[in-house]
Amino acid sequence: MTTTTNQRETRASPRLRRPKMEYLSSTKLYLTVSSVTIICFLFLLDINIIVTAIPSITNHFHSLPDVGWYGGAYTLANATLQPLTGKLYTYFHLKQVFLGCFAIFEVGSLICGLATSSKMLIIGRAIAGMGSAGLQNGSLTMLVVAVPRERRPALLGICMGGAQLGLVLGPLLGGAFTEYVSWRWCFYINLPIGGVAAAALLFIHIPDQMPKDKFSNVIRNVWPKLDLVGFVIFASASIMFLLALQFGGVQHPWDSSTVIGLFCGAGVTYLVFGLWEKRMGDNAMIPLSLASQQIIICSCFFISFLMGCTFVASYYLPIYFQTVKGRSPLASGVDLLPNVMMNITFGVSTGIAISKFGYYLPFGVLSGIFLATANGLFSTLSPTTPLARQVGFQILLGVGQGLGVQIGMTAAQNAVSDAQTALAMSLIMFSQTFTGSIYLTVANTILSNTLKSKIPQYAPRVNVQAVINAGATGVRQVVHGTELAGVLRAYTDAIDRVFYLSIAMGVGAFGVAWGLGWKDIRRKGPAESPA
């Protein structure tokens, strides 16, 4: 089993020996798990909470052309900084980096809440995204080193299950704040809740995943190991790729020179990045010795497929409830409760089961089966689908999400030494964020293209562009009478086709789950390796 440092023993010996592992006591562990779960909840909440507030924000600032940047600035900053945070967590003390990232996230949230212009809001979203880049990675790394290896799946299940509430409840809370208080509380909510959670961590000693020097010594010697050149190359490639997704089909056609140029530039820059990382060896921001491992590759793909299904469901099920069924934002959040409850229940119980029986691969395989099945059923939704079926489909989806929510992290942390845990987690979190942006862009393209083809078929007298410009929640304000039924049917067909994408992701999760490794986490993991 890998170990962390014990300073007294290290000082007493002329050679660095493997010290006795520090683990958190019950009270400290409870506070740590509660705090990092709350902070992860806020991080994921911040991704979706703005969705239902955007119409009010654009009305307030008269800033319709900036709509894409309210979410895009956050995603760009988060994705580009994600791998670098793995390096920071490797060389600096876990708690210091985590609280630093959270402070940046809170400052960004405050700027968003106080924004007096659309540009100020976008800047705040970018700053919050920068801070959030290190939150989920840091949370998972702290939980990994807080308990013995065999207890980690249970804690990961609790943390990830609770945190995913943020994705589902985001639109609900955003709609409630916008309707009853102010859209600014979509950002203010992070301050008091996050402040309490961070304050609790201040008084807890969080063990590090390996021996680390004093901050003053690290800051003098760490720069060559951070691979800042690699970070600049990687960030440039990621920004170009995400800008292409942001512009495509919105500000520029997909076949425009701007979008094609960004995609080509991103591809070439990613190639340069790969060559640079190979040259840097173990000092690379993403060491190829880590990224080329089968279990790490399969873990990245598994979490990207799983979270792709989660992102699509959290965006498009509310659209179905609000647009097709005519539910309010608050009521559509209540409609999602079956999915939420099953997700949490099976997320926690799966973690406990893995801790007891040791093997995680069967749960990943079952997760893929449930995800593919549930999304297949969602692709049959119609304007007349009864409530019982809606609930049943969501239960199956929640089971699939809960079974798989922590499988990728469990497999990855069991495949590497504790010294490499932060790097592995940052790679997995990047896969989640980066591919999530891709899936949502593809889903939005599917929705728009299907509406353009189906509305003339079902409601020939309706202005297609007017319906699309009105947005999902504004359909009933621009279409009335007999034509509304045709438009709602077109929306249902479009949402069904979006779930075809999720079926593919569920099948993908099932396929890559077989490559996660048949390993018993109760046995010894990889030996500690030097950083």
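Backbone N, Cα and C atoms are what each Cβ position is placed from, and that goes for glycine too.
Sequence-distant contacts of the transmembrane segment (29-55), counting only residues of its own chain at least 6 positions beyond either end whose CB sits under 8 Å from a CB of the stretch, comprise 23, 67, 70-71, 74, 102, 105, 109, 128, 132, 135-136, 138-139, 142-143, 146-147, 155, 158-160, 162-175, 177-178, 183, 186-187, 189-190, 193-194, 196-198, 200-201, 204, 206, 314-315, 318, 329, 471, 473-474. As annotated by TrEMBL, transmembrane segment applies to 29-55 (among others).
According to TrEMBL, the feature domain 'Major facilitator superfamily (MFS) profile' maps to 32-531.
Taken from TrEMBL, the feature transmembrane segment covers 97-116 (among others).
The transmembrane segment feature in TrEMBL is assigned to 154-173 (among others).
What TrEMBL lists as transmembrane segment is 185-206 (among others).
Per TrEMBL, transmembrane segment is recorded for 226-247 (among others).
According to TrEMBL, the transmembrane segment annotation covers 259-276 (among others).
Taken from TrEMBL, the feature transmembrane segment applies to 296-316 (among others).
Same-chain residues lying 6+ beyond the ends of the transmembrane segment (359-379) with a Cβ under 8 Å from its Cβ atoms: 153, 302, 305-306, 309, 313, 317, 350, 353, 389, 392-394, 396-397, 399-401, 403-404, 407-408, 410-411, 414, 496-497, 499-500, 502-503, 505-511, 513-514, 516-521. The transmembrane segment annotation in TrEMBL covers 359-379 (among others).
Beyond its flanks by at least six residues, the transmembrane segment (391-409) meets 140, 153, 156-157, 159-161, 164, 299-300, 302-303, 306, 309-310, 313, 317, 336, 338-351, 360, 363-364, 366-371, 373-375, 377-378, 381, 425, 428, 506, 509, 513, 516 of its own chain at Cβ-Cβ distances under 8 Å. Marked as transmembrane segment by TrEMBL: 391-409 (among others).
Sequence-distant contacts of the transmembrane segment (421-442), counting only residues of its own chain at least 6 positions beyond either end whose CB sits under 8 Å from a CB of the stretch, comprise 75, 78-79, 82-87, 89-90, 94, 136-138, 140-141, 144-145, 209, 238, 242, 245, 248, 286-287, 290-291, 296, 299-301, 303-304, 307-308, 311-312, 315, 408-409, 412-413, 415, 501, 505. Under the heading transmembrane segment, TrEMBL lists 421-442 (among others).
Within its own chain, the transmembrane segment (498-516) has Cβ neighbours under 8 Å at 294-295, 297-299, 301-302, 305-306, 308-309, 312-313, 316, 360-361, 364-365, 367-376, 378-379, 381, 400, 404, 407-408, 411, 439, 442-443, 446-447, counting only residues six or more beyond its boundaries. Per TrEMBL, the feature transmembrane segment maps to 498-516 (among others).
Here the transmembrane segment (154-173) lies next to the transmembrane segment (296-316) in space: the count of CB pairs under 8 Å, restricted to residues six or more apart, reaches at least 3.
Tertiary proximity for the transmembrane segment (226-247) is limited to same-chain residues at least six positions away from its ends with a CB under 8 Å from its CB atoms, namely 68-69, 72, 75-76, 79-81, 83-84, 87-88, 91, 258-259, 262-263, 265-266, 269-270, 272-273, 276-277, 280, 283-286, 434, 437-438, 441. Listed as Cβ neighbours of the transmembrane segment (97-116) (distance under 8 Å, sequence separation of 6 or more from its ends, same chain) are residues 39, 42-43, 46, 85, 88-89, 123-135, 138-139, 142, 184-188, 190-191, 194-195, 198, 201-202.
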